[in-house]
Each structure stands twice: as structure tokens, then as C-alpha cells.
Amino acid sequence: MRIAILSRNENLYSTQRLKEAGEARGHEVDIIDTLHCYMDITSSNPTVRYMGKVLPKYDAVIPRIGSSITFYGTAVVRQFEMMGTFCVNESVAISRSRDKLRSLQLLSRKGIGLPRTGFASKPDKIQDLIKNVGGAPLVIKLLEGTQGIGVVLAETNKAAESVIEAFMGLKANILVQEFIKEAGGADIRCFVVGDKVVAAMKRQAAEGEFRSNLHRGGVAQLVRLSKDERATALNAAKAMGLNLCGVDILQSNNGPVVMEVNSSPGLEGIEQATGKDVAGLIYEFIEKKAKPNANRTRGKG
């Protein structure tokens, strides 16, 4: 099969692993810089151009779209969908996952476990917003933040008020969530491919830190999922419409709760922690599912 990886940096671990794994299985794999793609959308024969040439017909596209280029990146994915190319994650699903509020609303509608959450831009009563999620300690997040950036733990109601007022001064949209103290600074990353959790790792925050992101110094280890945790991860991926994603779960007193669904999860941490060939499992999925016009939205959304 001929497969394209959309990635801005061919030297990233995940990009390199996907290329190596694909070629090891006999596929022809091209790495394409998403931002250097440009599209012909005026004709009845949609194409994607790159480096002055029309790109060839691909059997599948693996989007590795960074959050900073979501708008343009999803437009490129949508163009491939319009051409009938199978995209591992569809443009609509990627867009959903990048909108934290929309993601939580979709998960809530499906009855998937979530931390108590409030959303605000200019709340008239900050105290009521804080009270509504159970009071301090609580977590305040910028909607646009990634890798733990723009996430603050407020230990007291007064501190929470100050942080919310500061974010309001920046005209930022914020989420206010209950702090799951019983998780002990740890979360579980479930790597979903198709309808299976193919790998899972537990990430423990560094000492004195509540964010477990590996970019923040967290450490990862192999973990065995409970039946509820596995079901929660699969239901979250299904609700978002993602074939490939990382679902981050906290273990609360009320069962597993979803913190985030990542449509472009990194491979380095999960492969090193579990010893699994996750990149190869992604190609197994592609080999089974990649057919012309197999996308559900087919570029319509």
C-alpha cells in the first residue's frame, strides 16, 4: 500500500516509528509536511499539491496534526477525504478532539465518567462557579492549553477566585474542574486503535507536581486495565469518532473519569513503557480498514 504520514517534523520519534513500521511491512510510506500542502478545490477533481506537484493517490493517510495547526491541518485531511483516501482519523473527529469543551459535552451526553466541570468566560458569580464543582482544591484550565500548559491547581477558594479573575483579565475561556485527589497525581493513558485498547501505561507526576504529563517530568510504567477502565477508554474513543487516540483516565472514588481524548498521541512513551509495537498495530488496522471512500463523513463535514 502507498501511505502518507502528515507531519511537520520528520525527525519526531512517532513520525520515524510510523515510517519504519510501515516500510517493514512492505508499504511505501511518504512523510508530508502538512503546512506545505496546498489544495485545488475549484475543480470537480480535488487534488493536494506539494512541492510543485500533484500528490499521488494514497491508499491511506495517517494525520499527525499538531494543535497549533488544527484549522489548516484538518482542511488538508478533509481534502484527502474528498479524494476518497482512507484517513485513519477523520477531519471532523480531529476537530472535535481539539475543542476541550465540545469533547466534554459529547462525552457527557454518552454518560461517560467525567470530573465535575464548569465552563466560563465572564462568570457573574465566581463563587458560585467554584461551589458548583465542589469547591477547592480544584483545577483551572485554559481551553487552548496543551501538554499541561495553562493548567493551575488552586488549593483554596480564594486562590481559585484569583486565578479565575486573572484568566478573565486575559479574556480567556476556562474550564474549572474538581481535583481528583485520590488519583495521587497519576493517570492512565489508554492507546486505542480501532475498537481495541492496544496498550496502556500509568503516568505518575513528578514529586511536588500534580500534572502527570511526560513533558512535565512524569514517569510511565506498564499498567493492567480494569474492565471499567478499558470500557471507558473505548466508549470515549467511539463518542469522539476517533479510530486512533490516547484516552487519559483518572481513577476516582466514583470509578474511572476521562480527562482528555488526544487525537494525535505520541508513540515514544507508550512503546517504551509497554514494550509493544504500537506503530505496527496501527498498520494492522490500516491493512484491514483502508478502502476507497471508506471514511464515514467522506469530506462532507
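Our numbering is plain: 1 for the first residue shown, then up by one each step along the chain.
Cβ from N, Cα, C; glycine included.
According to Swiss-Prot, the domain 'ATP-grasp' annotation covers 104-287, on the basis of sequence analysis. Here Swiss-Prot flags Lys141, Glu178, Phe179, Asp187, Arg211, Ser212, Asn213 as ATP binding site, drawing on sequence analysis. Taken from Swiss-Prot, the feature Mg(2+) 1 binding site covers Asp248, Glu260, and the record attributes it to sequence analysis. Positions annotated as Mn(2+) 1 binding site by Swiss-Prot: Asp248, Glu260. Annotated Mn(2+) 2 binding site per Swiss-Prot: Glu260, Asn262, in sequence order, evidence recorded as sequence analysis. Per Swiss-Prot, the feature Mg(2+) 2 binding site maps to Glu260, Asn262.
Overlay of Swiss-Prot feature records on the structure.
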residue : record                : Cβ within 10 Å
Lys141  : ATP binding site      : 22
Glu178  : ATP binding site      : 20
Phe179  : ATP binding site      : 20
Asp187  : ATP binding site      : 24
Asp248  : Mg(2+) 1 binding site : 21
Glu260  : Mg(2+) 1 binding site : 18
Asn262  : Mn(2+) 2 binding site : 19
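Using Cα positions, the member of the binding-site residues Lys141, Glu178, Phe179 nearest to Asn262 (Mn(2+) 2 binding site) is identified as Lys141.
Rounded to the nearest whole angstrom, the C-alpha distance between Lys141 (ATP binding site) and Glu260 (Mg(2+) 1 binding site) is 12. Rounded to a whole number, the distance between the Cα atoms of Asp248 (Mg(2+) 1 binding site) and Phe179 (ATP binding site) is 15 Å. In the three-state DSSP scheme, Phe179 (ATP binding site) is classed as coil. Secondary structure at Glu260 (Mg(2+) 1 binding site), as computed by DSSP, is strand. Confidence in the domain 'ATP-grasp' (104-287), given as mean pLDDT, stands at 89. Rounded to a whole value, the Cα-Cα separation of Glu260 (Mg(2+) 1 binding site) and Asp187 (ATP binding site) is 11 Å. Across the structure, Asp248 (Mg(2+) 1 binding site) and Asp187 (ATP binding site) place their CA atoms 7 angstrom apart.
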